[in-house]
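Taken from TrEMBL as is:
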type     : residues : note
TRANSMEM : 12-33    : transmembrane segment
TRANSMEM : 53-71    : transmembrane segment
TRANSMEM : 78-98    : transmembrane segment
TRANSMEM : 113-132  : transmembrane segment
TRANSMEM : 144-163  : transmembrane segment
TRANSMEM : 175-193  : transmembrane segment
TRANSMEM : 279-302  : transmembrane segment
TRANSMEM : 309-340  : transmembrane segment
TRANSMEM : 401-419  : transmembrane segment
Amino acid sequence: MNQEPDPGIRYQRWAVGYAAAWFFFILLGYFVIRPVRDTMGSVVGSDGLRSLMWVTLVVMFLAVPAYAMLVARLPRRWLVRVVFHFFTACLIGFYFLMQWDSQPVQWWTSRVFFVWVNVFSLFATSVFWSVMADSFDSSQAKRLFGIVAAGGTSGAIVGSLLTSQIAELIPTAKLLWIPVVTIQAGLWCAWRLENQTRRMPSNAQRLNQASDQGVAAKSNAKPDHGIFAGIAAVGQSRYLLMICLFLFFAQALGTQLYFQQAEIVAEAFESKSQRVAFFSYLDLGTQLLTIAIQSIAAGWVLRRWGVAVALVLLPLVYFAVLGSLAVSPTLAVLVVAMILTRGVGYGMTVPSREVLFTVVSREDKYKSKSFIDTVVLRGADAMSGAIFAELRRFVTTTTTSFLMLPVVVIWGVTAWRLGRRQQSLADSLRKGDAS
């Protein structure tokens, strides 16, 4: 006689499916517009990039308090809707601005769009992974986040492939309607995910429902939704400070590679359409490697070796590729470097990084995580861009890559200690639940 599957397992499977589909639509839309952003970055040059990264940082300082206020006032399901409907409205606005036949309007629109894409990528993924960390406990996350991330990577592959094929066939502005549609499709998946996770008999869900009730009960109280709320939470937690340091190193070294990419690509290609196509194919190669890692290695490494080993892998890759670029800063080496670092970053580090937030409170998952994923990352962009520019005044790109190698070693040590700390906190939570 066949036994009926456990209802909790069935709901969990549906929840993972809807989560993966939601992430699929988010990254599909993002990777349609990302090559456009990268092309604008290569056009404005290193000086323009540094300015835009500082502008992005300022925008983040303004956006994070507004987002934290929404977190304090809205239950999760409405928070998601408000944030993603806002992004949809922005895309529609950019579409009409790009149709405006005015050189000053086009100049400003291109630069505002560059900043907006950076803000969108961080807030969209931050909101998504905050919901994931709020919906699954640590043990579930280690098993399932690789699958969820693979769904996003599949969307990134589709977005990159689609853009590479149509970038030279239709006006750039019309590409924006693709993420408009995918964001709305993702919201439907988010709604279905919410229904499934409420039926999952897990500690994470009980805590989540209690937290939502707590937020509603405190709606008449004055919420602490300034940017300093996130800063204060981070400053009071050594664990969150370690997460900040780990992500700062990751973003700063990634920005170093991004600036080198802008210089090498500007010399290799002349037309904008060639650069858009190149970046699309580069993204496609990255996502193929990413989904291979997520499907084959991420879950196994997290279960078998733990978060510490998974986090250390990216610093090891950076050590190898920066050493290679120091010896031979060519387009071919750049392609391999970008695909390897991004592939391991998205495939292994992103699921591992999000596991880190399964052992913290709801406030930290939303307010502090949003602060970390936005202000810390954009601050790393701006600071590393300024440092890179100063170094380039005195040394070559090759020497700069050599100088980054000791920083990578410090980053690797930080990654190991952070992973061990996560395991310790997860063990403490399990013991508390058992008692």
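Yeah, the Cβs are placed from backbone N, Cα and C, and that goes for glycine too.
With a cut-off of 8 Å on Cβ pairs spaced 6 or more residues apart, the transmembrane segment (113-132) and the transmembrane segment (12-33) reach 3 or more such pairs and are scored as touching. The stretches the transmembrane segment (78-98) and the transmembrane segment (175-193) are in mutual contact, each linked to the other by at least three Cβ pairs under 8 Å (pairs 6 or more apart in sequence). Here the transmembrane segment (12-33) has Cβ contacts under 8 Å with residues 117, 120-121, 124-125, 128, 132, 135, 140, 144, 147-156, 158-160, 162-163, 175-176, 178-183, 185-186, 189-190, 192-193, 196-197, 200, 283, 287 of the same chain, all six or more residues outside its ends.
Listed by sequence, the residues of this chain that lie at least six past the ends of the transmembrane segment (279-302) yet keep a Cβ under 8 A from its Cβ atoms are 31, 34-35, 38-39, 142-143, 145-147, 149-150, 153-154, 156-157, 159-161, 163-164, 167, 265, 309-310, 313, 335, 338-340, 342-344, 346-348, 351-352, 355.
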